[in-house]
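S.K.: Just lifted these from TrEMBL, have a look:
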type     : residues      : note
ACT_SITE : 113           : active site, proton donor
ACT_SITE : 168           : active site, proton acceptor
BINDING  : 210, 211, 236 : divalent metal cation binding site
BINDING  : 362, 391      : (S)-malate binding site
DOMAIN   : 92-225        : domain 'Malic enzyme N-terminal'
DOMAIN   : 237-459       : domain 'Malic enzyme NAD-binding'
Ligand SMILES: NC(=O)c1ccc[n+]([C@@H]2O[C@H](COP(=O)([O-])OP(=O)(O)OC[C@H]3O[C@@H](n4cnc5c(N)ncnc54)[C@H](O)[C@@H]3O)[C@@H](O)[C@H]2O)c1
């Protein structure tokens, strides 16, 4: 059941009679249809009427309409205007360029631009490594998408993906002071994407691939890693894997189990699931059973692509076949990065004692977390309205900060594992419990800790 949140926040400007009961009538009308008021401002007052801005959270665009209609139906009340606050913060985009140097006079101009800049260009031409010292390359990351798998919205194309990429760039800046720039590509051809990124790479110290559909994303990342001398990181894969490995380490601490005794079911073997499995395998769990839309992944299934073949070769030691429900029997851990509402409490009951359930499909998880809690000892989701939110923001800003600080040319699984341990350690010690296995995304200690761990691993 979704709860009203700031993602659907509207400000409704209404004209109402100046009676003593007007404010109460307005707020009750919003409350009756389930809206949550966050601000009530009288913006004009006259002898015969007041004009009020009511800001409230809704659960959806339809719910926002319902709230507006409920206000409009009150006697003597007229709705003047409805502003969607989410759209308001997107007007003109969320990013702009600031100059770091002042241009006050001819002297400044001659150094920042011609003729002075020519000597800097020559220095870089003579020693290309100087680009990291003398240009924006030092601190700049490209956030690259083809718009083919944007959030849960699917293939909506490059222009429609831009708000997400801008948001990502804002997060990079806020959490790790990384200057990230959105690059949305008008192609979904693997070779064209690779060639384009290769061509723009000189200005960047890292490439963050974003919202590119599986299985294309695997090939694009692998080939770019071979071609480029800067780190290439597909956040939907590795950002998720890092935070899952961190959260799992702390969840197992809560239930007193060690990974080498755990059977883990990973449901969803796309971008996120494949990377989670690969990273978890480094930690040597007792077994991982992968499940996708066609059931348990095993070597004899006959429909496996090269990614699934590789997964099958490294998981499912007992050669199980069947459905997700079959896989869950006796499992210690469920990690879902697949689709909504795939199982219920009765299946959690079949898992091992003190089961851990990470139901991360967004926006609706594989199992309702309230239902999962009936039998699971620890439950996590991708949602901000439940405890234990598995959020990539915990990983990618610090990861890139560390890579940039180390002048890293590649990214390795050791660095990803170091990032995972750093996240787990931030929330460690006395603070860990079933409702707190990962730190808050606003915990200021996270990004520096991740950056430091990645920097050390990169320089190792
Ligand atoms: N931090 C997070 O919480 C987080 C991070 C990454 C992804 N996700 C969520 O995980 C989901 C998958 O993301 P992705 O980028 O890997 O997608 P993807 O399209 O690359 O992969 C989806 C996988 O789910 C499987 N699947 C689909 N329907 C299924 C079903 N009914 N039963 C079993 N398996 C099924 C598909 O076969 C595929 O292997 C999305 O809902 C996404 O929002 C959450």
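Heads up, residue numbers simply count up from 1 along the chain you see.
Cβ atoms are placed via backbone N, Cα and C, with glycine included.
TrEMBL entries are annotated by machine, without manual review.
Map these features onto the structure and tell me what's around them.
M.R.: DSSP gives residue 113 (active site, proton donor) a coil state; it is part of no helix or strand. Note: residue 113 (active site, proton donor) has no non-local neighbours, i.e. no same-chain residues 6+ apart with C-beta under 8 A of its own C-beta.
For the recorded site, residue 168 (active site, proton acceptor), the DSSP three-state label reads helix. In sequence order, 143, 180, 182, 208, 210, 235, 396 constitute the residues six or more apart from residue 168 (active site, proton acceptor) in its chain with CB-CB distances below 8 Å.
Using a 10 Å Cβ-Cβ cutoff, residue 211 (divalent metal cation binding site) registers 27 neighbours.
For residue 391 ((S)-malate binding site), the same-chain residues lying six or more positions away in sequence with a CB closer than 8 A to its CB are 243, 382, 384, 438, 441.
Mean pLDDT of the predicted structure over the domain 'Malic enzyme N-terminal' (92-225): 97.
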S.K.: Quick one, of the binding-site residues 210, 236, which Cβ has the fewest other Cβ within 10 Å?
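M.R.: Among the binding-site residues 210, 236, the sparsest Cβ neighbourhood within 10 Å belongs to 236.
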S.K.: Out of 113, 210, 236, which recorded positions lie by ligand 1, with a C-beta less than 6 Å from some atom of it?
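M.R.: Result: 236.
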S.K.: Sort residue 391 ((S)-malate binding site) into helix, strand or coil using the DSSP assignment.
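M.R.: Residue 391 ((S)-malate binding site) sits in coil per DSSP, no helix or strand.
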